[in-house]
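The structure appears below as structure tokens.
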Amino acid sequence: MIELKSIFQTYKGPTGPVEALRGVDLQINPGEVYGIIGRSGAGKSSLVRVINLLNRPTAGQVLVDGRELTSLNGDALRVARRDIGIIFQHFNLLSSRTVYGNVALPLEIAGLSAGEIKARVEPLLDLVGLSALADRYPAQISGGQKQRVGIARALANRPKVLLSDEATSALDPETTRSILGLLQQINKEFGLTIVLITHQMQVIKQVADRVAVIDAGRIVESGPVIDVFTRPQHDTTRSLIAEIVPQDLPESVLARIRTLMSAGHPEEGQLLRLAFAGDESDRPLLSDVIRRFGIDLSIVHGQVDEIQGKPFGSLAVFARGAREQLNAAVAHLRGAGVHVDQVDGALPGGLAGGFSHVQ
């Protein structure tokens, strides 16, 4: 549905050229919800504005539904843009128009008759739950309702793609969940491809199928959301998901582990982080490892959550036993689909708050 090929975007800055995008390659499938996440200044908004050519890239190709937008100009580009709706953080509603009038605006510009406009606008207002507010003005409705107007307006031309540029960043958590639920409903009912630009991992966790992490204008990691959350490969990704899947252990937990490791036990101790998702969480893997390899396991920290109804989580486990048995247990867990990280350093003095990434 959407393909970006070697996209570069350079702007003029006060001290010289600024490279906002540096060789971005991206492929988004029809009907999926695709998240693009990064810190402020990473290039997220530049990327979303390239998709509909609000900003024409300095180099590279943009293809949407098989058409190369970068080869279009004038009327041909304006017609192609009707297949791409967009919603913004600050709503961008016309204060002089009612809710109905704001949704009708793109249809008026497209030249539809009053009857055709009514036939489209009324179902859209019903879809977003604003039929009773059709005659109100933006100043008379809440922020969440304004964003619902923005969504209805973005859908007015029956687009194939919906771009969401930080659309929930100005909303409270409850309203954010409501708007994301509406986007999920639209995606499922109409098969609409949705691209979510955000700095909030909670947004990605709730609705996205796949995600790309952007940093300094480059895509540094991408994949299914559940894989990226449970097996982050890049430092930027680990930092972004820390609010949902903590990457460091609390000091109180580290203190208990130091006590365990310095207890003078004759068998070796090892701290492991186990990351699991989906069906892996339903199997009695820890009890199986204890029975099979004769080692002791103590859960010292853990968290379990869900991504779109699928369980995922991580456990910090202190394992004690003979080195050969510990290695065999780790190999067994990895073979069962559990991602296992081992802490750097076997002695208390080498114990740190983070996990290494030994595969």
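The backbone N, Cα and C atoms fix where each Cβ goes, glycine too.
Summarising the annotation, Swiss-Prot assigns ATP binding site to Gly38, Arg39, Ser40, Gly41, Ala42, Gly43, Lys44, Ser45. If you look up Swiss-Prot, you'll see 2-241 marked as domain 'ABC transporter', on the strength of sequence analysis.
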Excluding Gly38, Arg39, Ser40, Gly41, Ala42, Gly43, Lys44, Ser45, please set out which residues of the same chain place their CB within 8 Å of the center of the CB atoms of the ATP site, keeping sequence order.
His199, Ile214
Including all protein chains displayed, how many Cβ atoms other than that of Lys44 (ATP binding site) lie within 10 Å of its Cβ?
22
Whole-number mean of pLDDT values that fall within the domain 'ABC transporter' (2-241):
93
Count, for each of the binding-site residues Gly38, Gly41, Gly43, the other C-beta atoms lying within 10 angstroms of its own C-beta, and report the residue with the smallest count.
Gly41
Pick the one among the binding-site residues Ser40, Ser45 whose Cβ has the fewest other Cβ atoms within 10 Å in this structure.
Ser40
Binding-site residues compared (Arg39, Ala42) - the one with the fewest other Cβ atoms within 10 Å:
Arg39
